[in-house]
Structures are given as C-alpha cells and as structure tokens.
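For reference, Swiss-Prot has these:
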type: ACT_SITE; residues: E143; note: active site, proton donor/acceptor
type: ACT_SITE; residues: E240; note: active site, proton donor/acceptor
type: BINDING; residues: E143, D178, Q204, E240; note: Mg(2+) binding site
Amino acid sequence: MPRFAANLSMMFTEVPFIERFAAARKAGFDAVEFLFPYNYSTLQIQKQLEQNHLTLALFNTAPGDINAGEWGLSALPGREHEAHADIDLALEYALALNCEQVHVMAGVVPAGEDAERYRAVFIDNIRYAADRFAPHGKRILVEALSPGVKPHYLFSSQYQALAIVEEVARDNVFIQLDTFHAQKVDGNLTHLIRDYAGKYAHVQIAGLPDRHEPDDGEINYPWLFRLFDEVGYQGWIGCEYKPRGLTEEGLGWFDAWR
C-alpha cells in the first residue's frame, strides 16, 4: 500500500509554513516533505513533527542564491567548500529531525560551460555527502529535473541520474524518482519503475502537464501506485504538486489512502 507525504512547500500554502504540519495531519497524511528547512530552527520543526505525529520523509540541501539563478551548489566548480558546508548543515537537520534521507541539489550549468566538468565536481561532492551520512545510516538522493522546470540543470534524464549513482559507487546513494519530470523527459514510467526498482529510494508525483493533483492529466497514477506495490517499493511517495485551488478541496484522489 503506498505511503504518501505531503509536500509543505507546495501544498497547504493557504496557511504559513509552520502551520502546514497540522493541516497535513488533519488531512490524513502520516509524513511530510519540503524543499528547505533552513529558515527555521530544528527545534521549531521538531516541535511540529512531534505535536502532529508526522515523519519527515525528505528535504533538500540549500539552493544557493536563487535570485542569481542558482539551484544547488554541489556541481559548481570552485564552490566545493560551500557545497560541503551545505551538506554538513543538512546532516545536522537530518539528525535532529530523524529524517532518513536528503536530496543533494546539483546546480545549473551556465551556457557555454563544460557540463562534464560540472558533473565531475558533482560526483566528488556526492561521495563526500554519502561518506558523511553513511555512519548515521542515512541516504543521499539525486534527482533529474526536466528542462521546462529548471533549464540547464546538470541532468534531466533518469538515465543520467542512474549513471551518476553507478559512478559514485556508494551503497547509500539512490535516485529520487519524480514521475512528473521522468514522464516529461524519458517517458515509459512502467519500465523505469519495474526495471530500476531498488535504485530509487523516494518517489514524487504530480499531474502532467500542469503539475496539479495526480488525478489530473496524462499519467495514470492508480496504475503506478499498484506498480510500486508490485515491485515492493517501501518508501514514501511525496506529493510535490501545485493544487488547482484550495489544497483540501483537491484531495479526493487521496481518499482511498487516508
């Protein structure tokens, strides 16, 4: 049976972030995820998780300077010290909040730059992250982002992400399989889910093409949910979508699992 985590960066935005934990619990979720926790102390977030009996399924390393177009530092040559500091900070939060995994953001490759150089830096930094997290039994995730959402991100295909995981060669590094991005770039989700089971440790969902609720658009999510059960996937499925209207009003798709 699939287990769903509400994405608090995109859902329940009708209320301030710190109030979204209670909203997610009231809606029937057992877990949450979000992009970045760093504007809040670990104690503030821990209090919300404990009060609402929620598991934290996932968060990301810091993005860098979003206003300057950055979306992660771990692939950027010459920024290794900052990337390591972001990874170390993420580990502090993961330990304090009992989160089993963190998505390490790669970054954007500027036009005209050598993508292979950026990829080599990312490989080294993912190994650093994996080695920092491994003694604590925690996982590192990498995620492919489709060009329409994040142009010039280091990698857009699930197969590029898989190749990175293979080259990193650490037992605690996995794919973060976002079916919205995967369908846009690669398609053939059945093949990805079946043939690469065990390579992904977190899943995210959204309707295509508008990234709304998973009952909207071209992806047959009831089929995919059965498929995840079939292959024995035990991880969380993060609901990283933009509600069409009020979050609660769009949760009809979730009724069977509340």
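Using the three backbone atoms N, Cα and C, a Cβ is placed for every residue, glycine included.
These numbers come from a predicted model, not from an experiment.
Taking Cα separation as the measure, E143 (active site, proton donor/acceptor) is nearest to D178 of the recorded positions D178, Q204, E240. Taking the centre of the Cβ atoms of E143, D178, Q204, E240 as the Mg(2+) site, the nearby residues of that chain (Cβ within 8 Å, site residues left out) are Q176, L177, T179, F180, H181, H202, V203, I205, A206, G238.
Counting only residues at least six positions away in the same chain, the Cβ atoms of N7, Q176, L177, D178, T179, F180, I237, G238, C239, E240 sit under 8 Å from the Cβ of Q204 (Mg(2+) binding site). Around the Cβ of D178 (Mg(2+) binding site), a 10 Å sphere holds 25 further Cβ atoms from the protein chains shown. Of all Cβ atoms in the shown protein chains, 24 besides its own fall within 10 Å of the Cβ of E240 (active site, proton donor/acceptor).
The 10 Å shell around the Cβ of E143 (active site, proton donor/acceptor) contains 24 further Cβ atoms across the protein chains shown.
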